[in-house]
Amino acid sequence: MAPLMLLPPGPGSCRLLLLLLALASSEAASDSNESANSTAQDAPSARLAASSREPAERISVFELDYSYVQVPYEVTLWILLASLAKIGFHLYRRLPHLMPESCLLILVGVLVGSVIFGTDHKSPPVMDSSIYFLYLLPPIVLESGYFMPTRPFFENLGSILWWAGLGALINAFGIGLSLYLVCQVQAFGLGDLHLLQNLLFGSLISAVDPVAALAVFEEARVNEQLYMMIFGEALLNDGISVVLYNILIAFTKMHKFEDIEPVDILAGCARFIVVGCGGVFFGIIFGFISAFITRFTQNISAIEPLIVFMFSYLSYLAAETLYLSGILAITACAVTMKKYVEENVSQTSYTTIKYFMKMLSSVSETLIFIFMGVSTIGKNHEWNWAFICFTLVFCQIWRAISVFALFYVSNQFRTFPFSFKDQCIIFYSGVRGAGSFSLAFLLPLSLFPRKKLFVTATLVVIYFTVFIQGITIGPLVRYLDVRKTNKKESINEELHIRLMDHLKAGMEDVCGQWSHYQVRDKFKKFDHKYLRKILIRKNLPKSSIVSLYKKLEMKQAIEMVETGILSPAAFSALQQAQRTQETKRLSPEDVESMRDILTHNLYQVRQRTLSYNKYNLKPQSSEKQAKEILIRRQNTLRESLREGRRLPWGPQAGAKNVRYLSFPYGKQQAWRRNTGATEATDDDSSEPGLPSITFSARPQLGSLRESWLAREVIPMKSLPQGTMTLPFHDSRDPGLGRRAVVRPRPLFLALDEEFESREESDEEASTLRSRWTVERGHSREHGQSHSPLLRRK
Amino acid sequence: MGARGSHSAVPPDADSIRRETGFSQASLLRLYHRFQALDRDNKGYLSRMDLQQIGALAVNPLGDRIIESFFPDGNHQVDFAGFARVLAHFRPVDEEDPGMQDPKQPEPLNSRMNKLRFAFQLYDLDRDGKISRNEMLQVLRLMVGVQVTEEQLESIADRTVQEADIDGDGAVSFMEFTKSLEKMNIEQKMSIRILK
């Protein structure tokens, strides 16, 4: 298969393409273009051949050789076009609410497809079996595995496996069998499709891609468990359907004439299990290996992302070698690796990993969708009304059956059963996506003479579900989740409602998560005792979160005080403010403006639902809010201490509470650690005066609550005594000195996006810098006196 | 739930706590596990610091007040009974016919009135039974971002007090508070599902 295609001769198509690309190409070039192209078979050798054939030719000043770059050029253009479309999509604020991003990608694909079709151009060979399975699929799966919130996933693991696994099986076999029955009807002209083919089609069409649904749920603040179920399904579904697909293809190859024995069926089932579990096993092994390796990469942090990606990819390939499920392997690898890698790896590496992962998966998905659009507009279709309509119908019916049946059963065992509304939402979120299309497109033509029919049917189902279901699921969720929005709420009510929401969220946090204690606790104990010792770098202070907190607060506090928001003057002025006891008559406009102020400025209640966006990593406003709240509390407490006012809860909190009140200490500690850190790292911090306060960003999924809880459960008892106390005591305990090198490991706030942007803003940065270099000087002396901390060797 | 590990399995005075709070045996046990998990030094009671270790409360605008509500009457410690008592306010309301209950028994902790009383206490720091304008202003200030100016906050606080104040004393008593929220579904707002 020649990687390069010949451009059909003719200036028209060349010029059209060039115009489209907005390239300025001189008229003179087109002639040389043609001559160059007509002789080009394999570009490099052709060039030599061409030049050697006509040695007497003048050296041309300007040449054009399109076929040399055609494939990468067009692929890049596709990606770029899709990216531009996405930019436009997000610029127009209302669009993302109306339709999912996959719609957009498909439309771009259709556009590109029509251009290609219209100009009679042959599209680049983006999609073929090996390219898809080896290059396009792994990044997508890796990304979903990596960004998956592990804790809710494992808590709901039973339900998710039950639902995803059995659901896929029921759907696949149900649709396959029903279609087979339809095919038996002679009138439809489908008699030559035998059972295996139908089953195979069923398995590939049952692969659900509910990313569109997830985007909607994020907006509608759906029940956390529901979200997790759908997420888990999205994650596992690809894997399961590919496994089924491969097994059935193997069947089809073996038994072309439908003489399948029960032994084979049993073997198929066994193989299914082996493939699935084997894949997961491989993934876990590779995950541990890569976590282990990242333990040693302090000095060469630039290759950390490389290690992460290469090992994940390797797990995929290794599993595929043994015909195990590469998808499940790479997912398991990502999940295992994430926890330890996050702690070992430097912040910049961590950010790099995240962004690169998103980028890769986005590119893959874009290419697949565009290719889908391209192949929609083409001559390789076969339309058969019966097959296609029945496919659509059966897809919906079987999904409904599987949802309601499976959830009915699992509800008997759940503490908090899913309501009928939830089940409707799950049913409706069965949107098909790129996975199905790829599998259909890659059906071997030899085994499937009527492949075009399958492809067409798949495309129809995808278009239908993505456009119609994708667009209407938003309104549906909002409709089902109707809260009585009483527009005429008084200000009073609004305030009290918000207070109660905060109160409830706070109490929920006090209650914590109630999960299956024993298994989780056992795993956590095992993890702490053995795994973390092996896999996580030494010298990583567990109280790094405290120092992080300090740094964060301090920087923010400085900024806020400087911008005059939280000046002490404001607070004291309040107390001298006159209190007018007369009730003022307020006009309705005043009330309205009050309401507006409240709506925009009241702090949001902490969201319990996870927020996953497949296409983007957005800094959340909740972090900004959290920062603000923390700073204000810090400030208030500091103020009250400074003025000698007794805190409402007395002096007890003063001395021992490391977290909030030890401001001066914290500064020292932070400084010392910073000097240690900046010397130790080889991060290219171009301003050595500026301590590296780049916090590695927690994946945007994790709500703050989750990260705090994750941190919280580390038994503080296991830390050596005196860890949490202040560095002034370090001189007594030299053992603490080893924990000098700090990489603030923030399972806490994800602020780097905002921080980096802030750091780049001119005035703030310069004032900060000057302040810090000054103060760094001071702290250096202090640092020297408590020398053990700087000993790193 | 057979618990293993160093914690004791059954809370002390489990029966009396159950009667007072109305929790089921399973929920009480879970609460006890949670209490023990929060009580890091195994002291048998919780101090303010233990509660402050809950990270999410740190970023809750009302975090301090919520913690404070666990320590009524100026105590510095809360034992399991007190812990359960506070959380009992958030138990979902029983669906049973209230007429079946013994009218002589005190109102269950999770009745609407008691929930409202609990919320009222968040406002009324000096426990005088009234939310003064100043107290309202303080709460408002806690809950609103920094962009809002003081004048705006004061006028909003004034308006809030004015809307609820029926007898014109410039403060909101508990009855007035209750009345202003009569349309709201307090039972749902202040119930935590897992505490059933």
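Glycine is treated like the rest: Cβ placed from N, Cα and C.
It should be emphasised that the depicted structure is a prediction, and the values quoted were computed from it without experimental measurement.
Here's what TrEMBL has on this protein:
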type	residues	note
REGION	A:32-51	region 'Disordered'
DOMAIN	A:79-478	domain 'Cation/H+ exchanger transmembrane'
TRANSMEM	A:98-119	transmembrane segment
TRANSMEM	A:131-148	transmembrane segment
TRANSMEM	A:160-183	transmembrane segment
TRANSMEM	A:195-217	transmembrane segment
TRANSMEM	A:229-251	transmembrane segment
TRANSMEM	A:272-293	transmembrane segment
TRANSMEM	A:313-335	transmembrane segment
TRANSMEM	A:355-377	transmembrane segment
TRANSMEM	A:383-409	transmembrane segment
TRANSMEM	A:425-447	transmembrane segment
TRANSMEM	A:453-477	transmembrane segment
DOMAIN	A:570-674	domain 'Sodium/hydrogen exchanger regulatory region'
REGION	A:673-696	region 'Disordered'
REGION	A:754-793	region 'Disordered'
COMPBIAS	A:754-765	compositional bias 'Acidic residues'
COMPBIAS	A:772-784	compositional bias 'Basic and acidic residues'
TODO: Determine the mean pLDDT over the domain 'Sodium/hydrogen exchanger regulatory region' (A:570-674), rounding to the nearest whole number.
DONE: 57
Open item on the list: Let me spell it out: take the transmembrane segment (A:453-477), skip the flanking residues so only those 6+ beyond its ends count, and list any with a Cβ under 8 Å from a Cβ in it.
Closed with: 97-100, 102-103, 106, 201, 204-205, 212-213, 216-217, 219-220, 222, 372, 375-376, 380-384, 387-388, 391-392, 395, 425, 428-433, 436-437, 440-441, 443
Task: Residue numbers, six or more beyond the limits of the transmembrane segment (A:355-377), whose CB comes under 8 Å of its CB atoms - done: 75, 78-79, 81-83, 102, 105-114, 116-117, 123, 126-127, 132, 135-137, 139-140, 142-144, 146-147, 305, 309, 434, 437-438, 441, 455, 459, 462-463, 614-617
TODO: Any chance you could find the range in A:131-148, A:160-183, A:313-335, A:383-409, A:425-447 with the most Cβ pairs under 8 Å to the transmembrane segment (A:98-119)?
DONE: A:425-447
Task: In contact by Cβ distance (the transmembrane segment (A:425-447), the transmembrane segment (A:383-409); 3 or more pairs under 8 Å) - done: yes
Open item on the list: Same chain only, please: residues at least 6 beyond the ends of the transmembrane segment (A:313-335) with a C-beta under 8 Å from a C-beta of the stretch. Say none if there are none.
Closed with: 133-134, 137-138, 141-142, 144-146, 148, 150, 153, 235-236, 238-239, 242-243, 246, 274-276, 278-287, 290
